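Have a look at the structure below, then the notes.
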Amino acid sequence: MSRPRPIYLVDYALFKPPFTCRVPYATFMEHIRLIGNLDAKGVDFQMRILERSGLGEETCLPPANHYIPPTPTMEASRAEAQMVIFSALDSLFERTGLKPKDVDILIVNCSLFSPTPSLSAMVVNKYKMRSNIRSFNLSGMGCSAGLISIDLARDLLQAHPNSNAVVVSTEIITPNWYAGNQRSMLLPNCLFRMGGAAILLSNRPRDSRRAKYRLLHVVRTHKGADDKAYRCVYEEEDAQGNCGISLSKDLMAIAGEALKSNITTIGPLVLPASEQLLFLFSLIARKILNRKIRPYIPDFKQAFEHFCIHAGGRAVIDELQKNLELSAEHVEASRMTLHRFGNTSSSSLWYELNYIEAKGRMRRGDRVWQIGFGSGFKCNSAVWRCNRTIKTPFEGPWSDCIHRYPVDIPDVVKL
């Protein structure tokens, strides 16, 4: 067998929502009261969620969601997709000098908005890309789809030498505003916000010097065979016929199980031998002596300098910090991304990586662990090694606010 080709992350670009789309707490609460579809209990429930969410005052919703009532039309959804995706791609092409006609592989992932023609076709049309481009559109794969796209790009780049791949990760919010009263479906209204990322990958040797990172591993875990896991994030209609995403009370427990499976696979790939032996001895002791013995949690801080945990919500970050025994600084990028941008779905990992760069913390040789969770239920990991010390960027989504971070985020913000 031939040796696998090294895969490089040349650069990436992020969508920065305009200030006109900003949704402070007061605006959000005023709108849900004026929209009129919620009863008093529903309004109070959303207020309590927002108070404890970890989101700040600068997160953004698309223009259609600022109307009273919101206008989740196909036209408005396409307009949001064009705003987010084209903005990120324009920035990527400018930063890298890549011409759209030189793109070999294009992968677009967006879970809940899947028009015809596809979003990837929309990109090909906008930038007049080549007719022989290898184009893919991934939908319905949840917040972890960004790393699935990276995995697909890696496999394609292994098969096609001297090629590049552009990955676009986003979630279009416009068509997914839930207009009912069911509590399990109201959570996404409070957490999900605008965001998008465009990433350039390459297997070309000449890109190795200018690339920011090299991809080391991608590990994917799918718990969809279990009925509870399959339905814990589920799109359906409520009793009144309103469509929404229902989040199960079992979500955190299921995410924990998915993470355990993922860690079991990724551990031997990244952990030093001493940690692997301790984990093995713990496993043997639990099986032979007593299952009640607390399992040994490997010290992943010996394997990684930086952690990018999907900013799906405060509880997700809290749980992973506790289970992996991470410090406040290790989860700082995730917490601050949630505060500044909200849950931007599959693109959140890239806002977190950009936060670390904006803080001037990324050094040559540093290893980064990206962890994504999504419907299905899936837990996916990507491991990167920094190719060169990253200079603090002068542009990007954090450029005008990084000096204010980190900020103290209280357990409850009284509205």
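For all residues, glycine too, the Cβ spot is worked out from N, Cα and C.
Pulled from TrEMBL, these are the features on record:
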ACT_SITE  CYS143  active site
ACT_SITE  HIS222  active site
ACT_SITE  HIS306  active site
ACT_SITE  HIS310  active site
ACT_SITE  HIS339  active site
ACT_SITE  ASN343  active site
DOMAIN    1-287  domain 'FAE'
DOMAIN    305-385  domain 'Beta-ketoacyl-[acyl-carrier-protein] synthase III C-terminal'
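A strand conformation is recorded for HIS306 (active site) in the three-state DSSP classification. For the domain 'FAE' (1-287), the mean pLDDT of the prediction comes to 94. Within the same chain, residues at least six positions away from HIS310 (active site) with a Cβ under 8 Å of its Cβ are CYS143, SER144, VAL316, SER334, SER348, LEU349, ILE371, GLY372, PHE373.
Ranking the active-site residues HIS306, HIS339, ASN343 by Cα distance from HIS222 (active site) puts ASN343 first.
Each of the active-site residues HIS222, HIS306, HIS339 was scored by the other Cβ atoms within 10 Å of its Cβ; the lowest score goes to HIS222. Cβ neighbours of ASN343 (active site) (same chain, under 8 Å, six or more residues apart in sequence): CYS143, LEU191, PHE192, ARG193, ALA311, GLY312, GLY313.
Residue pair HIS306 (active site) / HIS339 (active site) shows a Cα separation of 19 Å.
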